[in-house]
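Lifted from TrEMBL, the feature list:
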type     : residues : note
DOMAIN   : 2-133    : domain 'UspA'
TRANSMEM : 307-328  : transmembrane segment
TRANSMEM : 334-356  : transmembrane segment
TRANSMEM : 368-390  : transmembrane segment
TRANSMEM : 402-424  : transmembrane segment
TRANSMEM : 431-453  : transmembrane segment
TRANSMEM : 459-480  : transmembrane segment
TRANSMEM : 501-521  : transmembrane segment
Amino acid sequence: MLVIIRRESEAAAMVRWGVRFAVGRGSRLDILWIEEGKGQADVEWQSWGSELLEAEPYWNVIADALAEAGSTQIRLARHSVVRRSKAVLQTVKKIQPSLLIVGRHDSAKDGSPYGKLARDLLEDADCAVLVLRLGSESMENQKILVPCAGGQHSKLGLSLASSIAGADAVALFIEPNVDEVSHDVGYGHLIRYVNRAGLKTEDVSSKVVVSDSVSEGIAGEINSGEYGLLLIGATGAGTMRKSLFGTVQGRLMTGERAMSIGVVRAARPVGQRVRYYFEDFLKLRIPQLGRTERISLFNEMESKSRWSFDFAVLMILATSIASLGLLADSGAVVIGAMLVAPLMTPLLGGGLALVQGNMPLWQRCQKAVGLGFLSALIVGFISGLFARFVQIGITGELEARGAPTLLDLGVAFISGIAASYCMARPKLTGALAGVAIAAALVPPISTTGIGLAMGEFELAKGAALLFGTNVVAIVLGSACNFYSAGVRGRSATDHLLSRRIFIGFTLIGIGLMVPLTSILASKVAQPLSSSTMLHDVLDDHGYHLVSARRTRENGDLMVVIVVEGAQPVDATVLSQLKVIAQEYYKQEVRLKVSTRLVLESDV
């Protein structure tokens, strides 16, 4: 058990509480007197005794407080440091105390470092932490009140109170006044919470208060009894100041009858400790975004991730360009459409929102992505109707987006990392164009709309799968990059929701790996493309394959082939071509072969 002393005025009271908890828990008591000054290399611990008092008389201030320690092992150290919180956290890591006890005063308004130290330790220490707002010495041996809510923090508070006060530890439960049996219902809850804390009902006193307001119920119980300490479980970022200075009436916090108030936080779970160690690892090895860079990033994301008239116009124009490029089988035009599309920014904003726990930003980004997808799908569908009217078939550019593989997932994930990295560092924004080309977002939507209009539902399904893969992977990739760059959130409630969304996206990404891997495996197992097989047959008979595309006519799949040769394709070659097409597409196929007569003179 480790007690932190920061100034002489609190030393005796802090040590008295430390002795009570150490004796009650049967643990060693370490007392660290930490003050501002020049940093020392290591904390030098000394055993308590008369020799120490003679050598270092300033410890006399806690001599009376240690008189009740009995046979408890006690170590003391006085440490002068530049940064108190860092020094205490390093000490905690070295000695691994079961409980860290630190005082807190109402010093937030005057900028005192004492309040900041307590807050930092409550947030960052791995071990259990008890922050005490000290009351009057005359009230220290009175009863201890512990409001119970069933959480891990209140369970620890109840266990601590029982260890030093026994039956004078009062477990309190506030039950809403909704029925005449509310008291009995609350008592059932309280007994269950006491048992969860590893205690028997006779180990502590139990009290149920029926009230619609938790704070009023606690205050009423405090006024009705002689309590020396109120132990409250930590529940969120703003808990400490509210609990220490907002729960108890002012007259109970001052004077000779002032009670002590403590906020207790249980030790961090192993998973949470690993996360904090990982964050420290990232801070040491990856350049973190500064305050100015973060402000610039947030402003840009919030302004460019909104659904607006400009956003809609760019989406429609980009989709129109992409659709025409796909139908014209022109890769260069499709690349141009990727550069115009504004869809990448709201996806990056979604990744940033997940890391921050910024739900308003997440909702704006998802609105922009959703409406952008619908507008692009409509434009693609209209383009598909036009292609069907003029009998333009499925081009190679369209087919290329109808069968995504695991490789596309990898490309999108890395693109999300690259794009967010460039976005967070203004000097690298010139590379965003290349990232936009790598992570194609609009062409798959255009292909989906065109496929639906032309009745090519397999093509549309594959293109939609590609777009969904890109969205999930880019959001996850950008979130990972922003997290590694030091972007964090503060709201515990929103952070929990964003963490669930992130886990959901991760599970979706893992689920997408199944069909994407299957498509990749089928492509690897398929030795030749349809064009290659057709080319081989035609070449054997003296023909040159100019183009091959598929389309639909009256609901039937038709393969349109254009060849060059000295004479029209005969029935034998035609039947061979049809067999190849049917084996490749695994369905009945109609074949249409056009021959361009090419004759060469002898001279």
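In case you wondered, yes, glycine gets a Cβ from its N, Cα and C as well.
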Overall pLDDT of the domain 'UspA' (2-133), taken as the mean | 83
Ranked by Cβ pairs within a distance under 8 Å of the transmembrane segment (459-480), the first of 307-328, 334-356, 402-424, 501-521 is 402-424
Helix, strand and coil counts within the domain 'UspA' (2-133) (DSSP) = 59 helix, 33 strand, 40 coil
Tertiary contacts of the transmembrane segment (307-328), defined by C-beta under 8 angstroms and 6+ residue spacing from its ends, are 334, 336-338, 340-343, 364, 367-368, 371-372, 375-376, 379-380, 383-384, 387, 392, 395, 397-398, 401, 442-443, 445-447, 449-450
Establish whether the number of Cβ pairs under 8 Å between the transmembrane segment (501-521) and the transmembrane segment (368-390) reaches at least three, counting only pairs separated by 6 or more residues.
-> no
